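These features come from TrEMBL:
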DOMAIN    559-625  domain 'CBS'
DOMAIN    656-714  domain 'CBS'
TRANSMEM  68-92  transmembrane segment
TRANSMEM  163-180  transmembrane segment
TRANSMEM  214-238  transmembrane segment
TRANSMEM  291-315  transmembrane segment
TRANSMEM  327-344  transmembrane segment
TRANSMEM  400-420  transmembrane segment
TRANSMEM  427-446  transmembrane segment
TRANSMEM  474-499  transmembrane segment
Amino acid sequence: MVNAGAMSGSGNLMDFLDEPFPDVGTYEDFHTIDWLREKSRDTDRHRKITSKSKESIWEFIKSLLDAWSGWVVMLLIGLLAGTLAGVIDLAVDWMTDLKEGVCLSAFWYSHEQCCWTSNETTFEDRDKCPLWQKWSELLVNQSEIKTILSGFIIRGYLGKWTLLIKTVTLVLVVSSGLSLGKEGPLVHVACCCGNFFSSLFSKYSKNEGKRREVLSAAAAAGVSVAFGAPIGGVLFSLEEVSYYFPLKTLWRSFFAALVAAFTLRSINPFGNSRLVLFYVEYHTPWYMAELFPFILLGVFGGLWGTLFIRCNIAWCRRRKTTRLGKYPVLEVIVVTAITAIIAYPNPYTRQSTSELISELFNDCGALESSQLCDYINDPNMTRPVDDIPDRPAGVGVYTAMWQLALALIFKIVVTIFTFGMKIPSGLFIPSMAVGAIAGRMVGIGVEQLAYHHHDWIIFRNWCRPGADCVTPGLYAMVGAAACLGGVTRMTVSLVVIMFELTGGLEYIVPLMAAAVTSKWVADAFGKEGIYEAHIHLNGYPFLDVKDEFTHRTLATDVMRPRRGEPPLSVLTQDSMTVEDVETLIKETDYNGFPVVVSRDSERLIGFAQRRELILAIKNARQRQEGIVSNSIMYFTEEPPELPANSPHPLKLRRILNLSPFTVTDHTPMETVVDIFRKLGLRQCLVTRSGRLLGIITKKDVLRHMAQMANQDPESIMFN
């Protein structure tokens, strides 16, 4: 017996893994990353760069470039996300108007741009100008009325082609008139930008954990340009999207959102020198007595959110489990045709959803021509233009009320069937539209009640005759926040987005009251928001930090193998051949294998990832002479003693995780769940006095939680 390390010329060959080889440290598609491992790898990388920076000026410069690479990526994300958002906004406006007509002087102008550039347009007839021709007038010379996103790997979902296709189709989908919005997909577009720029810097391209820090900031930039709400975007990423959000990501998210908002403002897609489409200016404060209808709108938002989530998930589940899911294009065509036919007769469903919300939010000034502002005016009124008192509703208002009621029913039903189709579909705008319609109707009702019964005790102290007491547009804004909160279960970020979206900082208390009430009501029927519900429907292994685990089970109740199951598949530190390991990999589909001293002792020494084993063996066969099927694989520092005529052994200590996370078999599952959440673990090993007993994966945790909640544990499909 001789020491294999003394073999002539074999020392360098056995240590070939000291140099990195392609794809090491990467993950398979549809698998969860190991956050703890990625953080450890980044720490090692940073320590190495810091050490080298003292060797030369060039290495010092490289260390500075590495330190600044994060801010450069944020700058690039903000610039590209803002530019794409501006282009999308301009293109959507143009294509939405293109359905009705064309600008004769410049076909690329929207209706508003065309008319405002005309010298023959007056303010009273600002929607009519000779340069804008409807298709009916242009073709047949007569008017007629004319009939929209926890460390999971999904390859291609954030790729360059996805970015291109999503940007183009988003314009087409939103301008088609479907009941959807561009805000959610804009978050996806921004994350595609983040993924693209991450690939340009090895600091992020080679570490999935660091890459997700960039994606968290990109999500903030996406919300920033979607709503013109940079602060709300950062809070949205923190509250709703991110699984891991360190303090430096907060600052970088803020910077990316700032750059994106500045870029969008420079493009000025809405033509009003503001970031947002729904900017409002109300001239009347809100009163304490109005909190009651605001809270009622919160109740409505919670009920609507519950109804929508349950109906939409039921429909999406039917789509996945029946033949309907095999014909996505046909489904889109049918839903689009039905939407167009039903929406055509009603002016409030015929216009784009963004225009509808803008009209519902607006206060009725002296120059407003909307039906919603058709009040009976006092001919002797001499009040200022911006201080019009409450007035009795005219015929136009009553007509608008029943049209809005029909629009509310239509939006509720059609949104259930539209969201989840194979098209870019955002839910923010449709949800806000439902709430805005309901809120405007409630606001008009309260306004008329206050006008005709101003002597009632609830109105007596704050609504005198001839005063401007109630603002129906404010009720629309509160209703929009309530319904959006009921669907998404957002609270803090929702309120901030709403006051940034509208400029209504003075009305933050009504928004907070409605948002909190809608969440309470919706949570009474189920804790899941729409995003969590779709994650569970697709079987993704998402461990929500909001879920509580209060059952008194132990790690030994969840670990595998269980009684009656085959023993745990393990690797030994220095007694298995390459062929043994290849056979084990071929016969199992586990993501990794514990490494023990021997099968008799079961003393744990580390954990080896499946993918890295495959890559290591493949590279060793290609690059190292003498590696054959019966070569011994070892994970120790020194090779085992082998007969002189034995083939070269293969050293794989470099891919071994020497500090895998372990718990004892009597650890409460409540603690195990908390560990998985806070550390982002992929798996942990179960031991007793250093002896390996089993393994618990993230999938095992989720299935156990589902089982304890009387749900189907087999619905968790991915690792």
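Backbone N, Cα and C atoms are what each Cβ position is placed from, and that goes for glycine too.
No curator has checked TrEMBL annotations; they are predicted automatically.
DSSP assignment over the domain 'CBS' (559-625) gives 24 helix, 17 strand, 26 coil. Remote same-chain partners of the transmembrane segment (400-420), defined as residues 6 or more beyond its termini with a Cβ less than 8 Å from a stretch Cβ, comprise 178-180, 304, 307-308, 311-312, 315-316, 319, 335, 338-339, 342-343, 346-349, 356, 370-372, 374, 427, 430-431, 433-434, 437-438, 440-441, 444, 530, 534.
Through the fold, the transmembrane segment (291-315) approaches residues 412, 415-417, 419-420, 431, 434-435, 438-439, 442-443, 446, 475, 478-479, 481-489, 510, 513-526, 528-530, 533-534, 537 of its own chain, all at least 6 residues removed from its boundaries and within a Cβ separation under 8 Å. Residues belonging to the domain 'CBS' (559-625) score a mean pLDDT of 87 in the model. Note on the domain 'CBS' (656-714): DSSP counts are 24 helix, 19 strand, 16 coil.
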